[in-house]
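Engineer: Take a look at this one; I'll ask things after.
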Amino acid sequence: MEARRYGPNIIVTGTPGCGKSSTCEFLKNKLKDYKYYNISDFAKDNDCFEGYDEGRKSHIVDEDKLLDMLEPLLRQGNSIVDWHVNDVFPERLIDLVVVLRCDNSNLYSRLHARGYHDSKIEENLDAEIMGVVKQDAVESYEPHIVVELQSDTKEDMVSNVSRIVAWEKMWLEQHPDGVTNEYQGPRSDDEDDEDSE
């Protein structure tokens, strides 16, 4: 397995219908050497399901199997990950978490156009109002790598992609020797004392 990666891994997340896939389409056209993983498609293509939720009318992803298959790919870096769940991926492999937000009237229209049933629309609207995806991101990753961007219009998406591309350029400049994929563990008090000397 790769011990170091020389390009960042970026998660684009948010409530279903907030524009993740559209944003990722724009982004992968700008970051041409990046691999794009739509996790819903990846899970289906690699049979990473452990059941079906009749109430939600959706498959239940086997997160362990998903991670076993995806981690070697993320260790290579230069990945764009598109999924509404963001707390599955190891913190050591993620460099930026983009949480897309959407006005509820736009979100309702998008989900209704997709044919979501009313209870699923309501569940997603509630999640958006309460900022569930952002909260999960901040609890799962260092807060400084989590950024929240509005995603109501095509112009918003284009602007968001420009910001992500600028961040990627800065990341590459700051990490010319890449970053480790290995867990470094928490810093000890001894290390902090040595650093201050």
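Even glycines carry a Cβ here, placed using N, Cα and C.
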Engineer: Looking at the ATP binding annotation from Swiss-Prot, with Gly17, Gly19, Lys20, Ser21, Ser22 already listed, which candidate in Arg114, Arg163 is the matching residue?
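Structural biologist: Within the candidate list, Swiss-Prot flags Arg114.
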Engineer: Swiss-Prot tags one of 38-61, 134-157 as region 'NMPbind' - which one?
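Structural biologist: Going through 38-61, 134-157 one by one, Swiss-Prot flags 38-61 as region 'NMPbind'.
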Engineer: Where Swiss-Prot marks phosphotyrosine, which residue is it, choosing among Tyr108, Tyr183?
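Structural biologist: Looking at Swiss-Prot, the phosphotyrosine feature maps to Tyr183.
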Engineer: I'd like the number of other C-beta atoms within 10 A of the C-beta of Ser22 (ATP binding site), please.
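Structural biologist: Within a 10 Å radius of the Cβ of Ser22 (ATP binding site) lie 17 other Cβ atoms.
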Engineer: Any idea what DSSP makes of Ser22 (ATP binding site), helix, strand or coil?
Structural biologist: helix
Engineer: How about long-range neighbours of the region 'NMPbind' (38-61): same chain, 6 or more residues beyond its ends, C-beta under 8 Å?
Structural biologist: 21, 24, 69-70, 81-83, 85, 117, 119-120, 123
Engineer: I need the least crowded one of these binding-site residues (Lys20, Arg114), counting other C-beta atoms within 10 angstroms of each C-beta.
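Structural biologist: Candidates: the binding-site residues Lys20, Arg114. Fewest Cβ atoms within 10 Å: Arg114.
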Engineer: Do any residues at least six apart in sequence from Gly17 (ATP binding site), in the same chain, have a Cβ closer than 8 Å to its Cβ, and if so which, in order?
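Structural biologist: Within the chain, Gly17 (ATP binding site) has Cβ neighbours under 8 Å at Cys102, Leu107, Arg110, Leu111, Arg114, Tyr116, Asn124.
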Engineer: For the recorded ATP site, whose residues are Gly17, Gly19, Lys20, Ser21, Ser22, Arg114, find every other residue on that chain with a C-beta no more than 8 angstroms from the centre of their C-beta atoms, and list them by sequence position.
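Structural biologist: Counting only non-site residues, the set is Pro16, Cys18, Thr23, Arg110.
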